[in-house]
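Worksheet: one structure, shown below.
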Amino acid sequence: MMEKNTSEGPACSPEETASESAKVPTAEPPGEVAVSESTREEQVPKPQAPAPQAPTASTATKPAPPSEDVPSAPLLLTLDDVSSSSVTVSWEPPERLGRLGLQGYVLELCREGASEWVPVSARPMMVTQQTVRNLALGDKFLLRVSAVSSAGAGPPAMLDQPIHIRENIEAPKIRVPRHLRQTYIRQVGETVNLQIPFQGKPKPQATWTHNGHALDSQRVSMRTGDQDSILFIRSAQRSDSGRYELTVRVEDLEAKAVIDILVIEKPGPPSSIRLLDVWGCNAALQWTPPQDTGNTELLGYMVQKADKKTGQWFTVLERYHPTTCTISDLIIGNSYSFRVFSENLCGLSTSATVTKELAHIQKADIAAKPKGFIERDFSEAPSFTQPLADHTSTPGYSTQLFCSVRASPKPKIIWMKNKMEIQGNPKYRALSEQGVCTLEIRKPSPFDSGVYTCKAINVLGEASVDCRLEVKASAAH
């Protein structure tokens, strides 16, 4: 501030000196008139006198400021940053500030094709870094900066190359979706619709290739937006399989991504099949792989058999990889046909290869020679495995007596009350099933109390069990 104040102090002294010298009369001849900025003074009439002499340099023109009063050019003018709408430059103070001190710096620009230098600010700025804003994309211009003192502006410092305002460059990046990082499989006739996002500034240019060649526009369409590229195939064919490469470019920068597409269909059937051998209940088969695997690996073969009598096919083996097999557990006396399907990711082949010959499972010439067999006698006299149990009942409510007996042949069951048979009495119902004997007494009364006996009789003997039934009358209220 002291330096600035010092430079501002004498800023007007040269002009004041020149003005005063023009107004104060001098000892020079009256014909000599000093040239000044005042029009009025230029119109003063000339006195009658001898011819005037030529004016001296000190009175005719304003003296140029000495070189030591003007600052030198700023140092190290540097371009710090360029964006899509602004530019920032910085510099170092000049080596020589001048005797009158530094008032600031003037930053100017000159657009390409123009000759006029336009100041960025209306007055000098006491800063060594400045940002020019609100620039338009595509602008191209030169920049210079000058140091200014009271005596005037010093020589400028200028950038060597013009500045070009353009979008910030962001290196392109392709973000391949996770499901496309491995082989993308579609079936013949299905739609292929791939959307690949990317990044980059300014707007990247995207191109596709198929196996290193340009895309066939008759089959494949491509659309590129600001942030993604779409590859579309309406009806995929096996010829569309291959390596698709997406290249995204931003000026000299580029990014690439590779997507493998595999278009598949159902395989053809095995080329041939042969019945190798038949023995016992077994048959051996052999076949050759199909000529067309459907543009992908086989998952295996399905082997089926059919009995000549029924004609129904039954699966014997699934996803079987070898080309030979042995089928066992065939039924003696039947004749069998065999067929084989091929299988891949799309499923089974539409047709199968069938054996021309039948496999006849012959009956073996074996005569059975049974050894002597001793038949076991399972006859058994009756015996009770579960006896009758004493029971107490309430009048008017049916009650049941249970026991179980074992005997062979089946025994005859006789029920008795107080040693008297009760067969045929409608009050009682006797049942016997699987050795369990049941006697139901319908709505008993106290008169039905007594000892009940169950007797089992067959040709080998007899057995009996008994119990006591007590029917108690309800107490009177």
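All positions are counted from 1 along the displayed chain.
Using N, Cα and C of the backbone, Cβ positions are placed for all residues, glycine too.
Taken verbatim from Swiss-Prot:
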REGION    1-73  region 'Disordered'
MOD_RES   Thr6  phosphothreonine
MOD_RES   Thr26  phosphothreonine
DOMAIN    73-168  domain 'Fibronectin type-III 1'
DOMAIN    172-260  domain 'Ig-like C2-type 1'
DOMAIN    269-364  domain 'Fibronectin type-III 2'
DOMAIN    382-466  domain 'Ig-like C2-type 2'
*Would you mind splitting the domain 'Fibronectin type-III 1' (73-168) into helix, strand and coil residue counts from DSSP?*
0 helix, 47 strand, 49 coil
*Do you know the mean pLDDT across the domain 'Fibronectin type-III 2' (269-364)?*
93
*Composition by DSSP (helix, strand, coil) of residues within the domain 'Ig-like C2-type 1' (172-260)*: 6 helix, 52 strand, 31 coil
*Determine how many residues of the domain 'Ig-like C2-type 2' (382-466) DSSP places in helix, in strand and in coil.*
3 helix, 53 strand, 29 coil
